[in-house]
Amino acid sequence: MVLAAPLLLGFLLLALELRPRGEAAEGPAAAAAAAAAAAAAGVGGERSSRPAPSVAPEPDGCPVCVWRQHSRELRLESIKSQILSKLRLKEAPNISREVVKQLLPKAPPLQQILDLHDFQGDALQPEDFLEEDEYHATTETVISMAQETDPAVQTDGSPLCCHFHFSPKVMFTKVLKAQLWVYLRPVPRPATVYLQILRLKPLTGEGTAGGGGGGRRHIRIRSLKIELHSRSGHWQSIDFKQVLHSWFRQPQSNWGIEINAFDPSGTDLAVTSLGPGAEGLHPFMELRVLENTKRSRRNLGLDCDEHSSESRCCRYPLTVDFEAFGWDWIIAPKRYKANYCSGQCEYMFMQKYPHTHLVQQANPRGSAGPCCTPTKMSPINMLYFNDKQQIIYGKIPGMVVDRCGCS
């Protein structure tokens, strides 16, 4: 004990030397620790008969319930920021609920996506899932709405439809499937309809508006014969993968297309303009794409509830409601279970070196201790409008807390 006392005092002095600059030379915790060490060792080799002064307890901070509420609020703000960042959006798209109703196509592909995937946010994820990387969202399905054509391909203001815009990210993916969807108006009686799709090109040479001859403005790329028997309208899909490949290889060749569907009387049944009653019936392109992915494994952690008295690090339930955010641009899910971490993390083991342990004991607030944080997270599926009013279906990684731990 006599030999150990100077060594203990030496470690304590070293700990005080290692304190961060700018702190007071005599903090309450350091003074108490020094007094305790001096009392145990005996300053100058003499034992003290006086008892060591008691150490005043440090403030506990917020009550558990207040701390949890603070953790919830931070988690919600973090989720909003992460979604925009992972979708590569600088800000939330300015799309109101009324605009969503107008743009949302009333078509089979969209309903199939909603039916195929659970968008309630409470279904169990598979044990294994694929991710593009650890951060950015993975695109699986892209729905591009028809837009107005460039004036360079119009004559006397027509045709106004249809041009499809694709981002560079989509053009560098592998296209597994590409379909053009066109809505045909109902017919009073069974009829044969001749649908044709023409590729548009700018007028060249003398082939300008009002001129004669010159370059061809229309190039037929697809022609279909369709038998209509329904009186309630019909969604017709056309394989467009080959055309899309040529557009992606040569983006400058994408000037849009013109769609016609004539019945025997010469009436064009294809809906290509947003007139009264045509909301959600505009042509659109559906793409299934494949991005590079890698395998990751999901592992659940310990759960607590809001009424739990547990003070240690634990996972708590948290439901994110996008409608409460005013984010109408997210089609599905409208809400999902995100969860959050909260609780205390204690030093479970003594540090590797004695002087490190003494530093932590002498100045616990100046030491970087373990924090309660997510140690495992999983993705969510999302169907949303981007800033170009295109409908995107993809997977956003790291949005559900599966496990919490001290790290």
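Every residue, even glycine, has its Cβ placed from backbone N, Cα and C.
According to Swiss-Prot, C372 forms a disulfide bond with C313, chosen from C304, C313.
Between C341 and the candidates C304, C314, C371, C404, Swiss-Prot annotates a single disulfide bond, the one to C404. Here Swiss-Prot annotates a disulfide bond for C406; of C345, C371, the partner residue is C345. The disulfide-bonded residues examined here are C341, C406; by Cβ neighbour count within 10 Å, the least packed of them is C406.
Following the DSSP three-state reduction, the secondary structure of C345 (disulfide bond) is coil. Taking N94, C313, C314, C404 as the recorded positions under consideration, the smallest Cα distance to C345 (disulfide bond) is found for C313.
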